[in-house]
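Taken from Swiss-Prot, the feature transmembrane segment applies to 1-21, 28-48, 81-101, 115-135, 171-191, 193-213, 233-253, 302-322, 323-343, 363-383, 398-420, 455-475 (among others), supported by sequence analysis.
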């Protein structure tokens with residue numbers, strides 16, 4: 001069965017590449033749709049046949065001396081599920097792009113870039129070697145730069161694209177460390193060879209953590225993710241849901257068997273994910289840009305995924321949350337884009353309100369997506385977040401970090417309720433200049449399909465993506481209902497936050513809100529203060545040490561000054577006094593004569 005899956009999946013990728021260069025913009029979207037349908041049917045057959053083995057398809061690409069560079073594909077449950085989710089979500093985003101980018105003269109090129117983005121991610125997920133993973137890794141990085149800077153006339157878009165490249169370059173150093181260590185130690189880049197090792201050097205695992213932190217925007221390398229929403233909404237929807245940002249989490253999932261054998265690295269990843277999910281949730285509470293709130297929610301959920309990979313030792317649950325998160329996060333960005341598009345590009349939620357009457361279908365989908373993000377029972381987010389909270393509660397790593405995860409979960413509900421209150425609820429706070437027409441099939445169709453998925457996908461995926469090793473535990477009712485309880489607490493916090501932000505005084509006068517609104521002052525420190533210090537030091541060194549310092553005195557000014565002194569002495573000697581000249585000649589002659597007599 002897996003042989004058929006591998007052949008047909010690779011065939012579908014080849015067909016998508018062919019249609020990628022078609023001049024008809026809808027042809028590629030149709031190829032993605034049918035490829036997704038085919039992979040979904042194959043996944044259903046695979047699950048019913050109860051096959052759990054893996055398939056490796058390998059071809060020798062280049063042979064250098066005694067080393068062969070292989071192109072190899074790894075088809076397991078992770079690969080099969082992600083193919084279905086990625087193709088399905090991307091198809092809906094492509095259809096939404098036909099509505100959102102309808103006035104863009106380069107819409108054909110835009111859709112091709114989205115397709116290449118997807119293909120690079122599928123190549124990364126199906127990779128069986130570090131070399132092939134590097135190709136997909138760099139592919140999603142390059143395409144993210146091209147798509148975020150799509151509106152190249154906007155300085156903010158270009159700055160955001162450069163941030164994405166620079167921060168991901170830091171993460172790429174970790175991937176290069178992995179490649180070099182693997183080649184020197186093993187002479188092989190395959191995952192199978194790494195899994196077979198009895199001991200893996202900590203240096204290699206630090207590279208894994210650095211690479212994942214850069215690509216999945218963990219704390220310290222996170223500023224590029226909120227800034228990436230400067231690109232078109234379809235780009236944000238695809239980037240935040242099922243492509244680039246989950247690549248780092250997927251890397252941790254692939255190497256989780258090795259990470260879980262190193263307690264120090266496991267604890268490091270656990271704290272990194274915990275601090276990321278809490279910090280991002282706190283920052284989302286005080287943001288007023290609709291897309292930025294959704295972007296920070298992505299960073300918070302990525303931190304939760306990283307936490308469960310290492311802290312709970314359950315990579316299956318992290319992957320389950322990746323799949324569930326893809327459905328409702330893509331829908332949230334598309335709903336936000338629909339609102340912003342209808343409000344003449346207004347993104348400030350304080351100027352919205354009453355959108356449930358102007359755009360009822362989009363508002364309902366936005367509510368479903370927010371509820372799924374909060375983890376409301378029986379939606380997709382509940383089936384992934386509730387097991388995560390349960391398994392983190394029973395882990396024996398660190399109770400302090402577990403408490404922070406619960407606080408972050410309550411904050412998720414808080415900023416989601418706040419966003420719903422300001423945008424969909426209440427009365428309109430601005431005049432809608434253009435009616436929000438919901439009769440476009442390319443607007444409503446993708447939203448409805450993703451809304452259905454956000455409702456029923458959890459029931460489908462939970463059965464075959466549950467942890468393989470389940471401990472027989474009897475949890476008290478308080479821990480069992482912890483996820484639902486913190487969600488309710490977050491809803492209550494949201495009302496206080498709404499009232500707090502209705503005050504007349506400036507947000508910057510409230511230290512707590514200033515910290516949240518300014519993203520912990522991290523962009524101010526990293527993008528302004530530190531570069532300014534280094535530039536001032538460079539200017540001081542160049543102007544005071546180099547140009548006007550010892551080099552100036554030793555070379556240009558020094559040589560000129562010495563020559564001037566010599567010239568002045570020569571000038572002073574030319575006094576035009578004949579008696580002086582005769583006296584000097586007599587003295588010099590007498591001196592020379594005396595020396596000759598002595599010798």
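Backbone N, Cα and C define each Cβ position, glycine as well.
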Problem set entry | Chain residues in Cβ proximity to the transmembrane segment (233-253) (below 8 Å; excluding those fewer than six residues from its ends, i.e. six or more beyond) | 78, 82, 85-86, 89-90, 93-94, 96-97, 100-101, 110, 114, 117-118, 120-121, 124-125, 133, 136-137, 140-141, 144, 147-148, 150, 171, 208-209, 211-218, 225, 259, 269, 291, 294-295, 298, 302, 305-306, 309-310, 315, 318-319, 322, 325-327, 329-330, 333-334, 336-337, 340-341
Problem set entry | the transmembrane segment (171-191) touching the transmembrane segment (398-420) per 3+ Cβ pairs under 8 Å rule | no
Problem set entry | Contact set, same chain, for the transmembrane segment (323-343): CB under 8 Å, 6 or more residues outside the stretch | 81-82, 85-86, 89, 92-93, 96, 100, 232-234, 236-238, 240-242, 246, 290-291, 294, 297-298, 301, 305, 351-352, 355, 358-359, 362-363, 365-366, 368-370, 372-373, 379-381, 383-384, 423, 430, 432, 434-437, 443, 446-447, 450-451, 453-454, 457-458, 461, 465
